[in-house]
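**Student:** As annotated in TrEMBL:
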type     : residues                                                               : note
ACT_SITE : H335                                                                   : active site, proton acceptor
BINDING  : K401, K405, S406, Q407, K408, M409, S410, P411, D412, S438, R483, Q534 : CoA binding site
BINDING  : Y434, S436, T447                                                       : (R)-carnitine binding site
DOMAIN   : 30-587                                                                 : domain 'Choline/carnitine acyltransferase'
Amino acid sequence: MVKPSCLVKPVSVTRIAGRYLAHQEGLPKLPVPPLQQTCERYLAALTPIVDPEELNHTRKLLEEFQKPGGVGERLQKGLEQRGKKMENWLSDWWLQTAYLDYRMPVVVHSSPGVVLPRMEFSDRQGQMRYAAKLIAGVLDFKSMIDNETLPVEYLGGKPLCMNQYYQVLSSCRIPGTKRDTVVNYTLDKRPPTHITVVHNFQFFVLDVYNSDGTPLTVDQIYIQLEKIWNSSLQTNKEPIGILTSNHRNSWGKAYDNLIKDKTNQESVRAIQKSIFTVCLDAPMPHASDDMYRTRAGVQMLHGGGSRWNSGNRWFDKTLQFIIGEDGTCGLIYEHAPAEGPPIVCFPMMVRTPMVPLRMPQKLHFNITPEIKMDIEEAKQNMNIMVHDLDMKVSVFSHFGKDFPKSQKMSPDAFIQMALQLAYYRIHKRCCPTYESASLRMFRLGRTDTIRSMSIDSDKFVKAMDDPNIEKVALLDKAVKAHRAYADMAIRGQAIDRHLLGLKLQAIEDLAALPEIFMDTSYAVALHFNLSTSQVPAKTNCVMCFGPVVSDGYGVCYNPMDTHINFAVSAFNSCQHTNAARLAQALEDALLDIKTLLEQTPKAKL
């Protein structure tokens, strides 16, 4: 992790016109891929997942769609025009369709959690001390953002868009009854200087800068956290924060009702404007060592339910650090402003003189009978979600990315093929698979889809358990196909966002929706039974998220040199899926592929 060479006090907001913008200007714009290329690649992606008759029907629709002077060409031209006019033709649309229009709760369905290595706190002073160091570290990181000394990240020698780092602090999602919005207070005339701390379901404003603009030291923050702890010893009977876990339309209505009261409105605004939130959690029920990681994973995703820490959150806040009294640490973030890698990058840096500090301000809420009913409804819904989430966080300790590398294979492609094999062995079929690809080589780039399930992966997994078929060549081909698709995706040439763009362009033109988007194949292609993400980090952590479809899995992994951290999720309400079973099948598949490679003379590769 990079440490700032000197800690300059935060400068005024005019900063943004400097290096950051110059860097952004230098990045290329997201391309609009050629129409014919996307149609061909779409057909190839459908080949292993739809039956031949359906595929034939789709092929005809695509031929019609691509005819010269036809609807496809018109929409393509519209997208290309949009690409010329805008900084990024996709980013606004993506923010709306993927996040702000999405009405399921952000908890489990959208917001990822990150489990950090377990801490050993001998007492609550340990918890406070760690929290103080963490807050100071994030403030150091913030000063690098404010002063634009944040080192630019590169991928394959190319600079990446740094915009997401500027979106995660002092920002918050605001619920609406039909669609949400995101506010960012960084560019206010007077940017926020406070964080929010939650303890026993009570919210506090903690100013983290002195009057001269210097950040508080670790010792000062520790003293303030002690004051917060001591003035919130009793658990608040009405966990107001749990409202943020509800279905977005319900929360939107409850929100309008909540902020009618001036005190409530001011308290809510203080949370929304804060730089980030720190949740000081009560200990969870004890778990055995092998179950600990899984319990920590669910703790980060939903807090354990209304009896535990789910009320100790404001789930709309972009960034919430969670520090449990029992040493369970991590964070949860609201997904609209940023992807996982910038979040996982938040470094933990430490600083260490004393001025009397004013008491942190407790936020008050006036709970009407109606708000109380909303809280009860949110509690019930949260507890249903908690019971429905099936989670398994595990460490695959037999090898890490060192083995695939020794075989001259991409570790990510290797893991994805093992995932395909694991799914196929359990469900006796292959399924549409989403793996996120970063588009940060482009200005304001977010993600596209690497479709890990391909014609080649399909052939490999079906051959793997057949003793009569030569498998290594098939594996090699499948790994190379995955690598090629991933490279194509990060260069802005994948199919999913382009197809979405064509569809949204059609909606914007108020034309009838082209048949290819009403075709069964399109629905099948977008039903991602496997939603996956590689989130590599230098620390031994793992990110976790829920499945994106009711009969699917969410799989996140962090490949380290000699082991791999996995988080697998599913829903208990689906009788066909089981997180522990997929995690075990994944372990078996990784070992079987390793054995296959070791038993095959190198010459065959």
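Glycine is treated like the rest: Cβ placed from N, Cα and C.
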**Student:** Restricting to the domain 'Choline/carnitine acyltransferase' (30-587), report the mean pLDDT as a whole number.
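**Tutor:** The predicted confidence over the domain 'Choline/carnitine acyltransferase' (30-587), as a mean pLDDT, is 89.
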**Student:** Counting only residues 6+ apart in the same chain, whose Cβ is under 8 Å from the Cβ of T447 ((R)-carnitine binding site)?
**Tutor:** E339, S436, A437, S438, L439
**Student:** On a simple 10 Å Cβ count over all chains shown, which one of the binding-site residues K408, R483 is most densely packed?
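**Tutor:** Its Cβ has the most other Cβ atoms within 10 Å: R483.
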**Student:** Roughly how many angstrom lie between the C-alpha atoms of D412 (CoA binding site) and Y434 ((R)-carnitine binding site)?
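**Tutor:** Computed Cα spacing between D412 (CoA binding site) and Y434 ((R)-carnitine binding site) is 13 Å.
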**Student:** Sorry to bug you, but what's the C-alpha spacing from Y434 ((R)-carnitine binding site) to S410 (CoA binding site), rounded to the closest Å?
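**Tutor:** Here the two Cα atoms lie 18 Å apart.
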**Student:** Among K401, K405, S406, Q407, K408, M409, S410, P411, D412, S438, R483, Q534, which the record lists as binding CoA, how far apart in Å are the two most distant Cα atoms?
**Tutor:** 25
**Student:** Within 10 Å of the Cβ of S406 (CoA binding site), how many other Cβ atoms are there?
**Tutor:** 10
**Student:** Among residues Y434, S436, T447 annotated as binding (R)-carnitine, what is the maximum Cα-Cα distance? Answer in Å.
**Tutor:** 11
**Student:** What are the sequence-distant neighbours of K401 (CoA binding site), meaning same chain, six or more residues apart, C-beta distance under 8 angstroms?
**Tutor:** P411, P559, M560, D561, I564
**Student:** Which number gives the other C-beta atoms within 10 angstroms of the C-beta of Y434 ((R)-carnitine binding site), all protein chains shown included?
**Tutor:** 24
